[in-house]
């Protein structure tokens with residue numbers, strides 16, 4: 001059985017993806033193809049390059065890679081996402097999808113054409129920078145002749161590409177659950193709310209394509225910018241996935257996900 005895994009965006013909550021990956025690994029559930037949007041694309045890329053969940057967590061914590069919301073201002077008045085290049089150059093040095101150990105797909109949004117686009121060839125660094133590029137806050141990332149921004153805007157759970165790759169089983173992980181919000185004081189809260197609504201709007205259809213859809217509702221307690229809570233976010237992703245897998249095992253459905 002060919003298993004595909006897709007990881008959503010969600011800012012700092014992306015740390016939970018690493019806990020999910022750890023639980024899947026311990027359950028002997030292989031990942032043959034992986035896709036991701038925004039923070040999920042980072043977790044997907046490091047996994048595809050062969051880093052373990054714990055190794056990736058350590059790298060993310062030491063480099064503050066998920067905290068790219070606070071770089072220096074660029075000449076246009078928007079924020080520049082270029083600082084992330086140094087991190088990619090160090091840990092994903094080959095800068096190529098071809099060097100991934102499993103097929104990797106990165107969701108982006110093409111501003112010029114007004115449509116979602118999936119990258120799985122060319123510069124991995126540029127694709128990741130584009131997928132994590134929050135519009136209005138960051139300068140768009142130029143790839144070829146077009147400008148690209150956050151893949152989560154139009155395709156926050158890139159599932160269809162896994163079907164196209166012939167996956168028999170699709171596992172989807174959404175780390176951006178939505179709750180009603182009463183207080184939206186300050187620009188930071190407003191930006192966070194708008195981004196979360198945009199991310200969630202396009203997930204409903206994609207989630208229905210998943211054989212196993214993981215939505216850790218405990219993550220609703222955390223914000224997009226809770227980067228200092230990486231260990232707790234990892235734990236939530238891990239424990240939630242362990243529980244869901246135990247339910248599958250109890251219903252004798254876990255075998256179809258495990259390595260044959």
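Backbone N, Cα and C atoms are what each Cβ position is placed from, and that goes for glycine too.
Pulled from TrEMBL:
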ACT_SITE  38  active site, nucleophile
ACT_SITE  150  active site, proton acceptor
DOMAIN    5-163  domain 'PNPLA'
MOTIF     9-14  motif 'GXGXXG'
MOTIF     36-40  motif 'GXSXG'
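A coil conformation is recorded for residue 38 (active site, nucleophile) in the three-state DSSP classification, outside any helix or strand. Mean pLDDT for the motif 'GXGXXG' (9-14) in the predicted structure: 90. Take the CB of residue 38 (active site, nucleophile) and look out to 10 A: across all protein chains shown you find 32 other CB atoms. Across the structure, residue 150 (active site, proton acceptor) and residue 38 (active site, nucleophile) place their CA atoms 6 angstrom apart. Mapped onto three states, the DSSP output places the residue listed as 'active site, proton acceptor' in strand.
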